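One structure is given below, encoded as structure tokens.
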Amino acid sequence: MAAPETSTAAVPSLYTNNALRNAFGGVLSFFILLLIGVMAFSIRLFSVIKYESVIHEFDPYFNYRVTQFLAKNGIYEFWNWFDDRTWYPLGRVIGGTVYPGLTLTAGTIWWLLNSLNIPLSVETVCVFTAPIFSALASWATFLLTKEVKGTGAGLTAAALLAMVPSYISRSVAGSYDNEAVAIFALIFTFYLYIKTLNTGSLFYATLNSIAYFYMVCSWGGYTFIINLIPMHVLLCIVTGRFSSRLYIAYAPLVVLGTLLAALVPVVGFNAVMTSEHFASFLVFIILHVVAFVYYIKGILSPKMFKVAVTLVVSVGLAVCCAVIAVLIALVASSPTKGWSGRSLSLLDPTYASKYIPIIASVSEHQPPTWPSYFMDINVLAFLVPAGIVACFSPLSDSSSFVVLYIATSVYFSGVMVRLMLVFAPAACITSGIALSQSFDVFTRSIKFQLPGISSNTEVDAAETSSATAEAQNDAVKTEKSEETSKNRPSKKSKKKEKEEKPSTKAKAEKRLIALPLDSSVISLLLLILLGAFYVVHCVWAAAEAYSAPSIVLTSHSHDGLHVFDDFREAYAWLRHNTDVDDKVASWWDYGYQTTAMANRTVIVDNNTWNNTHIATVGTAMSSPEKAAWEIFHSLDVKYVLVVFGGLVGYPSDDINKFLWMVRIGGGVFPHIKEPDYLRDGQYRIDSQATPTMLNCLMYKLSYYRFVETDGKGFDRVRQTEIGKKYFKLTHFEEVFTTHHWMVRIYKLKPPKNRIRGKTKKSKSKTSSASSRAKRSGMGKKNPWH
Amino acid sequence: MAISRYVLLVFTIAMLASTALSDPILTKVDRRIYLTSQIVRIASTLKVENPGPLIMSEVLLAFPELQAKNLAYLMASSHESKGKAKGSVVSLPIKAVNLNDRPSALTFYSVILPKELAAGESFTLDVLAAFTHALRPVPEKITQADIQLVLYGDSVYYLSPYEVKVQSLSVKLPDSKIESYTELENTKVHGSEIKYGPYENLPPFSNSPIAFHFQSNLPFAVAEELVREIEISHWGNVQVTEHYKLIHGGAKIKGEFSRLDFQARPNDRGASAFSFLVAHLPARAHSVYYRDLIGNISTSHLRGDSKKTELMIEPRYPMLGGWRTAFTIGYGLPLQDFLYESEGNRFLNMTFGSPMIELAIDTLILKVVLPEGSSDISAAAPFPIKQWRETKISHLDIGGRPVVVLEKTNVVPEHNQYFQVYYKFSGLSMLREPLMLISGFLFFFAACIGYMHADTSISKSSASYLAKQQWEEVQVLIHKVQNVISRCLATHDNLEASLRDLSRTGDVQACKAARKYADGLLKELSKEMKPLLTSLQAYPSAAQILPKVEELVAKERELQEKVMLKHSTAVEGYERKSGARDIDHRVALLQQKITALKQEVDDLLQFIDDII
């Protein structure tokens, strides 16, 4: 008698238990999310703890400078800001050429804090913007994955994204770059798209357009969204998944999104003019045609419909052909086929190296190597295929989107290492799905087969089934929302789905139950091990690989940590000991840093919008001293800054970048010929080097008096003795060299006094005349003459 | 105070009236000029004698215009007190005076003697004067390889409005490398020291220029501007932040700067450069930082003991002649070491100048940020100073914190004397900001709770609102239905369990009892179900879910029947003692149906769950 009684006591508690578990699950997942956010934030603080709270690398310095300007002068001044500190003498209209999302975000945070009387400096806000937004990004990932595959998968994906090394590399504290904000915007836009697709709510569609607008503000990568979503819409139409929800998810995005995107000055009319946006409009038209066809189909009898179709198709084809022909003619008439250089190099990976060396010269535009995949997404690379499989059972609108997302982003990441960043969230989402589903299966099969509770298997079965129901609650949310929403389109297809879904699920459950106990325990342990490995790798990557701010270098020697702070030493020197209007020439890599840290005018910077200007500097660097002096003098340059790693072995110095100076310079000014600098197809600075190489300005500025350091002139980067050891500078004088010689600053000597140098002048005149004659034969040499 | 001032006035008038008559005589003047640092210090010992008939109470000190411009610090003390206890030198009050009948190229300061001198009495006085920018680099621009030479000019005779009986002068130079010096009678050179004198019986304002041109590679660290901010937190911390704008004030460098030469031969290539500065911070200084506009500067060393904390900082680059740099150092100090309380007043007692050793400061701005809510603020310093008030808004302030700003030009290390800022502050004000935070959060949470409980719908009679309410009621009903169904299912499970028990123990009676119990329970449940279904039918919004619910109930009933049938067949079989296999065989078909039905019920439950 005792047994039944206890069980009856348990019966009513079963239901309350369930409700309680639901509530408990909600609270638990809330706290898990909170902790994921905290983790995403804190794992990115290694750079602050190991180094200092400082802006990193190159581009962040520009963003920081813009934010400072915004904080100081306000938004209207910002839109109209003409920056005369850069691209001298051209200048740059900052307000119209930057993606303002990041700057406005940080500026708003700063303004908000200051109006609450929390006087944080602009720098502090900028340093911590990226970690804050990576916490937001992991929450957005949770939302997106929850829409696709349920809460469990969402939490797993959020945890994975919070520490994926690829994203950490761009969002450590101090890495104040567009991508930090943009990845959040990207994921959130996708989430809102999926949400709209699942609910068919116009509210979410509007939010989606606004999120898209934020993305357009933040990063040029928004073209990925405006191409991926149309692709998905097309996929849905082709696979017969057209519904009014799809229409609501897409049509407002294109209309509102394009209008909003055109508001961003840097995009402007590009939002309708360039080919990157073409796909979205095409799909927009197709969507309307399909919707119209469905509508006609509804009101006509099948026979009439057939007639109408033949009529419309024959007329429509003719019109379409005409329109497409015109379009193609228009597009083909532009030299780049309406695509921007970077987009084109995505479609044709060899494009940049063939035509635009300046894009190819950026290391992050190179294709990644296999190890870099393992470095950046680690074990996710193995989980992704499993996640894709999980997305196919069952395939819904949202899971097909994830599959499409990962497929395209894998391709893009294969072309440019920088786009690994777009791939990482997709990898996290699919791996999250894979992990959560396999955990689901294993724990369920363990629960069924544990000997201790075999007697009340049935009760457990009921419980677990309800638990799984809970977990898969959202997977079926599609139907629920359909049911609740007032307009219920295409009831048929939905019904079909409904019927097939429970059956497949039931089948799956039955099949999964059959997993043996020991193997599922072992698999579970292996999965946990895999996860632990991932965590260890991510923490290592965050702490060691990606936390260095790159303006400060450290090395461990036997007597402790050695700090190389040469860059800031040089910039501080420039800031305090040169005239405020002096112009500093350097290779474009250091432009942003020079304007931000030294507050001096530069000739070229990392914006690289004017190839000719960069080529001029490249030409000067690869010319002999006198010609270089003339070019620099014509540009009103007073100081020349070169980065030299030969003394301490800093590999990314100007000599190693020299090939790009020659290539870019030679691309515009043909008298710079790359073969002149090459010996056996290699850039060499040792005794085998060509005389052109040994006489060019870059060589001279780098190695000036270098031989006196050790008597031999041994370059630790190139691992060789330099070719030309003793030489004097005639047109430049050394004014500053940093402690480890990493940055050397030279001053242009003033032009010779005319009267004193009269006899010399006549000589030089003839030589310059002859050189001019040569020059005219060779084409343009210096655009500023 | 007023009386003494009045007395003083009377004396001054009296003295002015009789100046020509009763000037004191300086019977012995001993002057030592220290040129061993960029700050020139002149220490003089004067023996003053009052020859005249009148009582004398003050002594005038004269400085030529050139020196007066650079005069940073002037202190007079009685010679005796210095001899007795070294620590407690009582400085005599000094004030600038403007005398009409004296040469205008001279600036006069009058020292008020501690006691009036009667005729014939004498008094010995120590005067210390410190000058900045008194050493002029000649040549003004040097290359890196050159040696910095500086020029100092003064008068060999003590410049005084009085007659000087005996005087001597000694000049201390940094080392013996002297380019040139003025040679007069009685000049002796001992290494780095040059002695002049003694000279006797010189009339007032005797003057004979001398000049020294010598090598000096001492650090010419000049802070063009130093802003010290002292922020008091009554939670136990005094935060000091010092912003330096530094320049090498020596000979400017011209031409190249070669790092190679500087590193290889630091003693003769860029010898005048200085690459580090030493600051003596108070003991127990903590959280020291050293940074500039673009981040931390990684070259500094901190040593500390119980008496002081020594901070050695290196600027980002070695400071050659004329080079500038700017940086910030900051540190925290324990409050109890610097803040005292007296008669309800609190006062901060800190040193005025920079902690840097041998730093000349052109302009020093000292800001004392008092906690929000301080009142009755006043500041006192041992030397004349410009002061005004500001307000600074910092963390979570509403009205802002009162700031006392003190400004002084030409500051030398001798100015590192204690100054006081008095103010009133109630301890309760300390709790203001935490309370503000607490109440802010309280308000926020209360607002959240309020929002969650408030009904924000505009109209209570609108269709959508009613539909929403109805839907909620339907949800409650369906939850009840689900509850009943799950209880039914649990009962079925109990029956199954009893069957298993039966097969194990063969206890037919227990099994029957279980059956009876389950029967009763199920009957009750079906009774419970009926009103639920009827009330559910009443709702129009339940129309779409109702068929499902009804289907569920029907399926459940079917399941119930099958389970009962299975149970009774099994029990019957046992009673007939038929073999287990036989029973299984008979039950098997039923069992199949039961599983199928169960699956269906589960699916339906799940489906309804999803809709709710």
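Even glycines carry a Cβ here, placed using N, Cα and C.
Residues annotated as transmembrane segment in TrEMBL: A:23-43 (among others).
Residues or ranges marked as domain 'Oligosaccharyl transferase STT3 N-terminal' by TrEMBL: A:27-429.
A Cβ distance under 8 Å defines the sequence-distant neighbours of the transmembrane segment (A:93-113), meaning residues of its chain 6+ beyond its ends; these are 63, 66-67, 69-71, 75, 78-83, 119-120, 122, 125-126, 129, 133, 176-178, 180-182, 185, 214-220, 264-266, 607, 609. TrEMBL lists A:93-113 (among others) with the feature transmembrane segment.
The transmembrane segment annotation in TrEMBL covers A:125-144 (among others).
According to TrEMBL, the transmembrane segment annotation covers A:150-168 (among others).
Counting same-chain residues at least six beyond the ends of the transmembrane segment (A:180-205), those with a Cβ under 8 angstroms from any Cβ of the stretch are 101-102, 105, 129-130, 133-134, 136-137, 140-141, 143-144, 147-148, 167, 170-171, 211-212, 214-215, 218-219, 221-222, 224-225, 229, 243-246, 248-249, 252-253, 397-398, 401, 405, 421-422, 424-425, 477-478, 481-482, 485, 487. The feature transmembrane segment is assigned by TrEMBL to A:180-205 (among others).
Residues annotated as transmembrane segment in TrEMBL: A:211-235 (among others). Using a Cβ-Cβ cut-off under 8 Å and counting only residues 6 or more beyond its ends in the same chain, the transmembrane segment (A:211-235) has close neighbours at 99-102, 104-105, 178-179, 181-182, 185-186, 188-190, 192-193, 246, 249-250, 253, 257, 260-261, 263-264, 267, 271, 276-277, 279-280, 282-284, 286-287, 342-343, 400-401, 404-405, 408-409, 412, 419, 422.
Annotation comment: TrEMBL describes A:247-272 (among others) as transmembrane segment. The list of residues near the transmembrane segment (A:247-272) in space but at least 6 beyond its ends in sequence, with Cβ under 8 angstroms from a Cβ of it, reads 79, 95-100, 193, 196-197, 200-202, 205-206, 208-210, 212-213, 216-217, 222, 226, 229-230, 233, 280-281, 283-284, 287-288, 291.
TrEMBL lists A:278-296 (among others) with the feature transmembrane segment.
Here the transmembrane segment (A:308-332) has long-range neighbours at 275, 278, 293, 296, 300, 338, meaning same-chain residues at least 6 beyond its ends whose C-beta is under 8 angstroms from one of its own. Marked as transmembrane segment by TrEMBL: A:308-332 (among others).
Residues 137, 141, 144-145, 148-149, 153-161, 164, 166-167, 169-170, 179, 183, 186-187, 190, 221, 224, 228, 231-232, 235, 345-346, 349, 363-368, 372-373, 376-377, 379-381, 383-384, 386-392, 527, 531 of the same chain, all 6+ positions outside the transmembrane segment (A:402-435), place their C-beta atoms under 8 angstroms from a C-beta of that stretch. According to TrEMBL, the transmembrane segment annotation covers A:402-435 (among others).
Sequence annotations record features per position, and here TrEMBL assigns region 'Disordered' to A:459-505 (among others).
The compositional bias 'Low complexity' annotation in TrEMBL covers A:462-471.
For A:476-486 (among others), the entry in TrEMBL reads compositional bias 'Basic and acidic residues'.
Residues annotated as compositional bias 'Basic and acidic residues' in TrEMBL: A:496-505 (among others).
Annotation source TrEMBL lists transmembrane segment at A:521-543 (among others).
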Residue list, the transmembrane segment (A:23-43) vs rest of chain: Cβ under 8 Å, 6 or more residues beyond ends. 131-132, 134-139, 142, 151, 155, 158-159, 161-163, 168, 470, 538-539, 542
